[in-house]
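Taking it in order: structure first as structure tokens, then the write-up.
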Amino acid sequence: MAEAIYQQFKRMGLNPNVYTYNLMLKVFCKKGDTKKADDVLTEMEKAGVKANEYTNGTIIEGLCSLQKTDLAYEILKQLRENNDPVDNFSYDMVVHGFCNENKLSEAEAVLLDIENQGLTPGEYSFGALIHAYCKRGNIQKAFCLESDMLSKGVKTNCFIVSSILQCIFSRGTFTDVLSQFKTYRDMGVFLDEVCYNIMINAMCKLGRGEAALELLEEMKHKNLVPDLIHYSTVINGYCLEGKLLDALNVYKEMKHKGIQPDLITYNILAGGFARKGLAKETLSFLDYMKTQGLTPDVATHNKIIEGFCLAGNVREAENYFKSLEEKHPDNYSAMINGYCEARHTLVALNLFVNLYKHGMFLKQTCWKLLSCLCIEGQVESAFDLFETLLVSEDYNCIKMYSKLMSALCNSGDIKKARWLFDNWINKGLKPDAIMYTIMINGFCKSNLMSEAWELLRAMKGNGILPDVVTFTVLLDGCLKSISMYSRSRPNIYLCEKATEFESEMSELQLKPDVACYTVLIDKRCKMNDIKDAIKLFKEMMDNGLQPDNVTYTALLSGCYRVHDVDTAETLFDAMTAQGLQPDQITRSLKSKLEHGILKAKKLQFTH
């Protein structure tokens, strides 16, 4: 329509102005028709119409939408050199374009360029980059960018907030979602329906259905309208908790408000009935679905099969599976997943192998099956399954490699673990920090410290920085090796290596977590340096970290070694006040120390 009017203008001999030309540029750029867009620019030049900021921004936006952001940025810089008008919008488009092309380093360079031009990057540029890092799962980088943004006086918005909340949620740290949501709410940031849905979902994952329902009410008070997704999320949360009646009540409320449930909602409820082991009611609900004009699909069947298995009603799941006239490969996957959930892992493996022999390779079930085999100590079966995957296709799942490597290391089969690690590298793939750490941990557990240190050097040589977990593993390995030597003459070289790792952590500005502090405290205790151990313990508490049973046990062991009964008594009191229950080792130490306290008091009395 716009193009037709434009052509009519020209036929009538009318001279378009800059706004008309800009409009046509926008139309052709959106269509991806670069030739016609170029023709418009040529016409503008011939007509003597000078381009303005909007013209230049439209050209840059068009190139970015065609994934030609490098060219768009070069044009932007050329325009700038020619003193042609360029506004923040053009920079925003370039940042967004680089993010869409997954060129995040280039996008960050543009942010710096914006500042060098005396401008402040806006929330659109920051938001695009934060969203891109969140999609990668790099929440630390996202937080750094957000902090930088806020320090420049740029306010956050619900798009940025939802990206961050979703990233945290996808990591499975649901309590962090809750605390971060509260932080934004306390800051007065407007939180939209998407933000609330992530929060509601996190509540449900934590088994807090009632709190999720309260959030729905909070939304209403803020004039936000809960939709089908919000209600379905709460229904799913109640079903996961086994609160089927509550789920049905929310379903009724939703219908009362005029929101029509879709197939996903009904599938959730069908799975809810099955998870309660209610076979007859599940089938009746399927009939009810049909009266509502919905036909059960593959996902419906999967929910029911897995639901019965989760309820421990494996036979009912098998009967339902057999009753299906047409079995989709996903239904077989659901049956295998169900067996795994019911801890019938070898039955799941047999079904997988039989299907594989008949030409059905269920790739999507492999991770679940492999994971369960590893957890249950069926490491040989897991390794055999993995070899099947390698034969079947070029299988490059780093999570699966890492899971099996970890299981092999834990079972003491360091050779097979190293074979897997080398197999990954031989494919031309790069191990990540987790994979390196698993292998280093395996070497440490097998007291192969030289191999662990060599792998650490290779890790750093390949540009992968060790994290807190890596250093914790190495420090723990050193300590365990030290303990194999005489307590009176600890291995000096191992002690020096442990100190070296501590220094390196400090240089990399890595803050110890609870596990790392525990290892560091244990090291001091084994060296009879109880004062430094207590100093670390206090530092840990000052940093907001709560010691666990293992931390207290390590420190109490140190107290026992140096006969520091007063500190031990204080630690026992602190442990009890924290609500921690002493384990067998701690109770044994307590008994020995109490004996020491009584003995000391007797000596004081006699003197």
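Yeah, the Cβs are placed from backbone N, Cα and C, and that goes for glycine too.
In TrEMBL, annotation is done automatically, which means it is predicted and not curated.
The repeat 'PPR' annotation in TrEMBL covers 17-51 (among others).
The repeat 'PPR' feature in TrEMBL is assigned to 87-121 (among others). Listed by sequence, the residues of this chain that lie at least six past the ends of the repeat 'PPR' (87-121) yet keep a Cβ under 8 A from its Cβ atoms are 53, 56-57, 60-61, 63-65, 67, 69-70, 72-73, 76, 79-80, 128-129, 131-133, 136, 149, 152-154.
Remote same-chain partners of the repeat 'PPR' (122-156), defined as residues 6 or more beyond its termini with a Cβ less than 8 Å from a stretch Cβ, comprise 88, 91-92, 95-96, 99, 102, 104, 107-108, 110-111, 114, 163-164, 166-168, 170-171, 184, 187, 189. Per TrEMBL, repeat 'PPR' is recorded for 122-156 (among others).
A Cβ distance under 8 Å defines the sequence-distant neighbours of the repeat 'PPR' (192-226), meaning residues of its chain 6+ beyond its ends; these are 158, 161-162, 165-166, 169, 174-175, 177-178, 181, 184, 233-234, 236-238, 240-241, 243, 246, 250. Summarising the annotation, TrEMBL assigns repeat 'PPR' to 192-226 (among others).
Same-chain residues lying 6+ beyond the ends of the repeat 'PPR' (227-261) with a Cβ under 8 Å from its Cβ atoms: 193, 196-197, 200-201, 203-205, 207-209, 212-213, 216, 219, 268-269, 271-273, 275-276, 292. What TrEMBL records for 227-261 (among others) is repeat 'PPR'.
Annotated repeat 'PPR' per TrEMBL: 262-296 (among others), in sequence order. Within its own chain, the repeat 'PPR' (262-296) is flanked in space by residues 228, 231-232, 235-236, 238-240, 242, 244, 247-248, 251, 254, 303-308, 310-313, 316, which lie at least six positions past its ends and keep a Cβ under 8 Å from the stretch.
Per TrEMBL, the feature repeat 'PPR' maps to 297-327 (among others). For the repeat 'PPR' (297-327), the list of distant contacts is 263-264, 266-268, 270-277, 279, 282, 286, 289, 333-335, 337-339, 341-342, 344: same-chain residues at least six beyond its ends, Cβ to Cβ under 8 Å.
Look at TrEMBL and you will find 397-431 (among others) tagged as repeat 'PPR'. Here the repeat 'PPR' (397-431) has long-range neighbours at 366-367, 370-371, 373-374, 377, 379, 382-383, 386, 389-390, 438-439, 441-443, 445-446, 448, 459, 462, 464, meaning same-chain residues at least 6 beyond its ends whose C-beta is under 8 angstroms from one of its own.
Mean model confidence for the repeat 'PPR' (432-466) is a pLDDT of 91. Look at TrEMBL and you will find 432-466 (among others) tagged as repeat 'PPR'.
For the repeat 'PPR' (513-547), the DSSP counts in helix, strand and coil order read 26 helix, 0 strand, 9 coil. The repeat 'PPR' annotation in TrEMBL covers 513-547 (among others).
Per TrEMBL, repeat 'PPR' is recorded for 548-582 (among others). Secondary structure of the repeat 'PPR' (548-582), assigned with DSSP and counted as helix (H, G, I), strand (E, B) and coil, comes to 27 helix, 0 strand, 8 coil.
Taking Cβ pairs closer than 8 Å, the repeat 'PPR' (432-466) reaches residues 398, 401-402, 405-406, 408-410, 412, 414, 417-418, 421, 424, 473-474, 476-478, 480-481, 484, 494, 497, 504, 508 in its own chain, all 6 or more past its ends. According to DSSP, the secondary structure content of the repeat 'PPR' (262-296) in residues is 26 helix, 0 strand, 9 coil.
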